[in-house]
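A.B. asks: This is the structure I have questions about; it appears just below.
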Amino acid sequence: QGIFVLGLPYALLHSGYSGLFLIILAAALCCYTGKILIACLYEENEDGQLIRVRDTYEDIANACCKKQSSKLGGIVVNVTQVMELIMTCILYLVVSGNLLSHSFPYVPMTEKTWSVMAFVTLLPCVFIKTLKIVSKLSQLCSLVHFIIILVVMTYCLTQIHQWSWAKFRLSIEFEDFLVSVGVIIFSYTSQIFLPKLEGNMKNPGEFRCMLNWTHFFACVLKTTFALTAFLTWGEEAKEVITDNLPSFLQTLVNLCLLTKALLSYPLPFFAATEIVYACISRGNHSNYRSPLFALGVRGSFLLLTLLMAMFIPHFALLMGLTGSVTGAAMTFLLPSLFHLKLKWKKLSFLEKCADISVFILGFLCSLAGILCSIKGLLEVFG
């Protein structure tokens, strides 16, 4: 459950009843593309048993593009993954600076200065070497997120006497609806991490079951939270719903959000540096496989995210543009395309139709998001 969850009530404001359907549909689609992506890691042996012959998203892409080039697919996937992961890390830094400046308005410091302060607390990330450490930080992140959701839900339940279904809109505007689609779909995305996650499970045979339950509970939580918050504030719902809370609760929640943002940073940071380090150190040169070199790669990435957070103008619009390209590609386009390519002869007619439908839907979402983001950038620079 990412920070995107806090934008779901705002998404319902612009999508009405269709937003509730979208939350359920997005859960089903993201769960499906997660399963077909992992299916691409396996091939049947002579005895009909499934054997894991690939380890990463890159391996899957290379297998699909081996006729054109042995490394072309992997390069495309790696560039896309790293772009999305870096943008996610930068977003956490920007959000941290924003939350700190709002929590301590009486301190004469700019948001960028607060972002640098947050950056200092993230310096130990350069020493993270295994996914186990990241998983423990993510566990703490989940606990903090639970506290945030609990505070917002508790306050909403105290306002139950003001709830009214009349607050839901029946008519929707196309551009506003596209914003809602983006927020809802990308609140579920996790495909980048799934091959690594499945490979680290004690019992990979339980992966599909795990994916079903996590997406089911995510759907229930998102629907309940979005509905409860929207019925409480209606058309006054802000982009981040915690901004609607009374001032005495806002500071507490903002500090929790700050903690969550800082604890969320290591996962995309670790994933991005692992991809880059793996690409660089493939050669036989021993210098590229030394611990000191790995430390240098992680340190460079950490500094890069800070510099980009400091100097990129109109970051939110650029984030939307990048997310529309990379997010849709990694979540819908590539999993369905790779599944069709690698498993075409073994897929039933309905499975082929499902994959093609997901690809078309992903393409339309990506195209719409790109057009809206470019329009926003043109208006800003206009």
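Residue 1 is the first one shown; counting continues down the chain.
Cβ coordinates come from backbone N, Cα and C, glycine included.
Annotations per TrEMBL:
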DOMAIN    1-374  domain 'Amino acid transporter transmembrane'
TRANSMEM  20-42  transmembrane segment
TRANSMEM  75-94  transmembrane segment
TRANSMEM  114-131  transmembrane segment
TRANSMEM  143-165  transmembrane segment
TRANSMEM  177-197  transmembrane segment
TRANSMEM  209-232  transmembrane segment
TRANSMEM  252-280  transmembrane segment
TRANSMEM  292-312  transmembrane segment
TRANSMEM  318-338  transmembrane segment
TRANSMEM  358-378  transmembrane segment
A.B. asks: Quick check: do the transmembrane segment (177-197) and the transmembrane segment (292-312) share at least 3 Cβ pairs under 8 Å, counting only pairs 6+ apart in sequence?
C.D. replies: no
A.B. asks: Could you tell me what the rest of the chain brings near the transmembrane segment (292-312), counting residues at least six beyond its ends with Cβ under 8 Å?
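C.D. replies: The answer is 86, 89-90, 93-94, 97, 112, 115-116, 119, 122-123, 125-129, 269, 272-273, 276-277, 280-281, 318.
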A.B. asks: At an 8 Å Cβ cut-off, counting only pairs 6 or more apart in sequence, do the transmembrane segment (75-94) and the transmembrane segment (209-232) clear the bar of 3 or more pairs?
C.D. replies: no
A.B. asks: Please check if the transmembrane segment (114-131) comes into contact with the transmembrane segment (252-280), where contact means 3 or more CB pairs closer than 8 Å and the residues in each pair are separated by 6 or more positions.
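C.D. replies: As far as Cβ distances go (cut-off 8 Å, pairs 6 or more apart), the transmembrane segment (114-131) and the transmembrane segment (252-280) touch.
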A.B. asks: Between 143-165, 252-280, 358-378, who has the most Cβ pairs under 8 Å to the transmembrane segment (20-42)?
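C.D. replies: Against the transmembrane segment (20-42), the leading stretch is 358-378.
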